[in-house]
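Below you'll find the structure, written out as structure tokens, and then a few comments.
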Amino acid sequence: MQVAAGPRVYRVWKGSNIFFLQGRFIFGPDVRSLFLTIFLIVAPASVFCVLVARKLMDQFSDWGVSIMVITVAFTIYDLFLLLLTSGRDPGIVPRSAHPPEPESSEGNLELGSSQTPQLRLPRIKDVIVNGITVKVKYCDTCMLYRPPRCSHCSICNNCVERFDHHCPWVGQCIGLRNYRFFYMFVFSTTLLCIYVFAFCWVCVLKTKDVEQTSLWRAMGKTSASIASVVLIIYTFIAVWFVGGLSVFHLYLMSTNQTTYENFRYRYDRRANPYNRGVVKNFIEVFFTRIPPSKNNFRARVPREQGLQARPVSGGFMSPNMGRSMGDIEVGRKAVAWGSEEGARAGLDDIETGMSNDIMDEKDGVFGAASPDLARVLPPEGLEARAPVHSRRSSWGRRSGNWEMSPEVLALAAGVAESHRIGTSGSGAEAGNR
């Protein structure tokens, strides 16, 4: 079988993510909100630099320039952390191409309509983490058992390791590989708000002293004072959001929890298997090596040319899957049995298989079967002559293993016998000549 280079992974990605620069950056489907976040950071910082910081540079000639430099550097650093948080793989678990093999047990064994054993995968499995039993769930979308602390994001449509939450402000899931940068971004934004808030008050108070007026009048005396008042109000409101978020995640890190776990499991009522102590918890977040991504979005997807049969034994079912339509894979097109097209495809496969398996005593190898099946099986009788024993498939998996009804086998035997008689008659006629 030949394998040709197919499209890159990011072009056929099944999640809801958006990629930039040919798969080098991965964002969530709500990446547009990222531009709003950038505006809410850059706009007030620009106003502060243009109006307030310049005024302070004139009033503090010795060190006033450092106010401008620190503001610009802090803003660039904050935007860099925002990009690291939003534009990288948060810890997406690659989807499985096929469901896991079910474990044989009497508790999850079922019989299909054709008495084929159907193994139902358990919905939940128990794993041991630091001596404590943790339940892991099966993901029907990704066709795998999620690792501990992993959850499926309904917005990005991916399973994410150490899933914390999906942040609409950065347009990305927060997980194992970007949680560190997320907290650093939130905390640096808090510090930037406090910094701007403090020096805006310095500007207002300095204007009050220079103008020899009251504080209230000094607020509207100059353009720098007016801009300072607006930024004081803005940063005061903003710091309650980013500051509160910083404190909340500081608590989560000290107890080694995620936002998802905190709201769902309530570890204050039960033992937390991941808590290793405050110091080790902070070391785990900030000083451990970030694992590499499990996805190579720029890799090529191999494109198969030709057919390769893959026998599958037995059947198995999703824990959430009910009855589904039995199907087989004929070439690259899944053909549903029970239709005229499916019956024709099935008879063609029977005819081809018999041409390879049945041996003629006189000629050696049995030749190709008669291509004119219409003489043996009229089109209007296809559905009546080939009833289907349906079997349930798993998660839309195409199974190459199928069963033939006794009527189809009898029909195939008739085709073979008629071909054998025709071949023997042709040989006898040739001998008479």
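Start at 1 and count along the chain as shown; that gives each residue its number.
Quick reminder: no glycine exception, Cβ is built from N, Cα and C everywhere.
Automated prediction, rather than curation, is the source of TrEMBL annotations.
Noted in TrEMBL for the protein shown:
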type     : residues : note
COMPBIAS : 105-114  : compositional bias 'Low complexity'
DOMAIN   : 136-264  : domain 'Palmitoyltransferase DHHC'
REGION   : 94-117   : region 'Disordered'
TRANSMEM : 34-53    : transmembrane segment
TRANSMEM : 65-84    : transmembrane segment
TRANSMEM : 181-205  : transmembrane segment
TRANSMEM : 226-252  : transmembrane segment
- Message: Looking only at the recorded stretches 34-53, 65-84, 226-252, which one has the largest tally of CB-CB distances under 8 Å to the transmembrane segment (181-205)?
- Response: 226-252
- Message: Per DSSP, what is the helix/strand/coil residue tally across the domain 'Palmitoyltransferase DHHC' (136-264)?
- Response: 75 helix, 18 strand, 36 coil
- Item | Contact check, the transmembrane segment (65-84) vs the transmembrane segment (226-252), 3+ Cβ pairs under 8 Å, seq sep 6+ | no
- Message: So if I exclude everything within five residues of the ends of the transmembrane segment (226-252), which remaining residues of that chain have a CB under 8 angstroms from its CBs? That is, six or more out.
- Response: 40, 44, 47-48, 51-52, 183, 186-187, 189-190, 193-194, 196-197, 200-201, 203-204, 219-220, 258-259, 262
- Message: Considering every residue in the domain 'Palmitoyltransferase DHHC' (136-264), what is the mean pLDDT value?
- Response: 94
